[in-house]
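Report on one structure; see the data block that follows.
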Amino acid sequence: MHTTESKDEHLEDENFQTSTTPQSLIDPNSTAHEETKTVISDTEEIKPQTKKKTYISCPLRGALNRIITNGVILFVIWCTTWSVLGSEALPGGNLFGLLIIFCSAIIGGKILQLIRIPLVPPLPPLLGMLLAGFTIRNVPFISKHVHVHNTWSSILRSTALTVILIRAGLGLDPQALRHLKVVCFRLAVGPCLMEASAAAVFSHFIMKFPWEWAFLLGFVLGAVSPAIVVPSMMVLQENGYGVEEGIPSLLMAASSMDDVLAITGFNTCLSIVFSSGGIVNNAIASIKSVSISLLAGIVLGFFVRYFPSEDQKKLALERGFLILTMCVSAVLGSQRIGLHGTGGLFTLVLSFIAGTKWSQEKMKVQKIITNVWDIFQPLLFGLVGAEVSVSLLESNTIGIFVATLSLALCVRILVTYILMCFAGFSFKEKIFIALAWMPKATVQAVLGPLVLETARVSAPHLEPYSKDVMTVAFLAILITAPNGALLMGILGPKLLRRHYDPSKIKLQLST
């Protein structure tokens with residue numbers, strides 16, 4: 001009896017403790033709550049006083065481990081190429097030059113990403129890649145040992161152009177194109193054509209270019225750079241700036257169409273410039289090359305739609321490899337047989353038609369092509385920077401080039417503002433769109449050197465004009481890429497309205 005009574009009393013004590021403890025925690029007026037509150041506040045006050053110990057782990061981990069690993073991988077790759085190819089991998093060889101330019105461009109891009117200026121958005125990495133190649137070319141000791149033959153650089157730049165065209169073709173959404181309002185079409189077509197025409201007129205009278213070369217330069221400058229516009233618009237879109245008016249979506253959708261138009265015009269002018277016949281014969285040859293590229297692109301585009309079939313393993317990888325090899329072969333092959341510009345239009349048509357049937361698998365193929373672009377991007381901008389030599393530039397020539405470029409940009413900005421006047425945007429929004437439609441980078445980095453390489457192979461007597469086109473393209477990237485990124489990052493939050501409620505976001509591309 002005594003034991004049972006003690007057990008009952010013990011159980012009652014436990015029940016009493018468990019019943020009172022939650023009540024004291026729930027009741028904010030209870031003394032227990034105040035005690036626990038003071039204990040928590042004391043611990044919170046003590047926490048900042050604790051010092052974290054910094055130490056280096058053994059073996060190394062993190063960023064330092066990754067840097068050492070990548071360095072060893074690059075060294076092993078160089079050792080392998082040297083053991084197979086010998087002098088090509090030594091200083092002065094092509095592979096050695098490509099490896100130095102590739103690594104320097106990556107380092108230049110990373111350094112530019114690390115530079116942070118208060119209240120200023122980060123600069124695009126491609127600018128660091130461009131400056132890295134420019135530094136390699138213009139430092140005497142380095143330039144003696146880093147050399148890439150023109151044939152090698154031409155093939156790499158043409159391959160980079162192919163990757164850009166594939167991305168542009170796959171990026172064209174047929175549903176969006178079908179339902180696009182007039183404002184998007186105006187933004188994609190109007191500024192590009194007007195800037196190309198303005199640059200042609202200014203270069204003809206200021207730079208003394210023939211008219212065919214003037215329009216060739218105009219279409220080189222007429223393209224906007226999605227590599228600058230799209231990341232900046234995505235940042236603004238994530239923060240809610242201009243989303244209800246559809247400004248980020250408008251600029252991202254129109255950028256691909258703008259590039260397609262500029263590249264098509266460039267290919268047509270390139271065929272005319274480097275053909276040996278008269279004006280009528282050149283026009284007929286251009287129509288033939290366009291017809292051939294369209295027909296071949298449509299036929300092979302439908303082929304790639306269904307081959308490989310959807311039941312194949314690694315479907316996205318096979319599709320990406322097939323479309324990449326087809327398009328690279330077309331671009332390089334058309335240059336080999338003298339049909340300049342045919343491969344570019346073929347690539348656009350093939351990738352667009354093939355992508356319309358791939359539905360969900362299209363995103364996977366785009367990811368594969370993006371990974372390929374990540375490899376060719378530092379090579380492209382590094383090689384473009386390495387083509388520009390300060391010793392060959394004259395101060396008055398640079399002034400003429402900058403004047404031509406600046407006047408063409410002013411025309412583009414003015415035309416963009418005028419075309420947006422009847423689209424339902426406010427004054428500040430029209431100013432932002434006009435300034436955001438200015439940056440140039442990827443297309444100019446490909447088309448400028450392509451003119452130079454074509455002249456070296458087909459018409460050496462036209463090389464002075466091609467060097468001028470190359471220099472203007474370099475200056476266009478150097479001036480507009482960082483300034484455009486900075487203007488979008490700084491003026492976006494100031495000129496665009498911010499919307500916090502995602503349910504109220506509507507895409508309004510009014511006519």
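Numbers run from 1 along the shown chain.
Backbone N, Cα and C define each Cβ position, glycine as well.
Note that the coordinates shown come from a computational prediction; the quantities given were computed from them, not determined experimentally.
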- Query: Can you check which of 316-336, 337-357 Swiss-Prot lists as transmembrane segment?
  - Reply: 337-357
- Quick one: find which recorded stretch in 67-87, 152-172, 260-280 has the most Cβ pairs under 8 Å with the transmembrane segment (187-207). 260-280
- Query: What stretch, picked from 67-87, 116-136, 284-304, 337-357, 368-388, has the most CB pairs under 8 A with the transmembrane segment (472-492)?
  - Reply: 116-136
- Under 8 Å, at least three CB pairs between the transmembrane segment (431-451) and the transmembrane segment (368-388) (pairs 6 or more apart)? yes
- Relative to the transmembrane segment (152-172), the stretch among 116-136, 215-235, 260-280, 284-304, 398-418 with the most Cβ pairs under 8 Å is 260-280
- Taking 215-235, 337-357, 368-388, 398-418 as candidates, which has the most Cβ pairs under 8 Å with the transmembrane segment (116-136)? 368-388
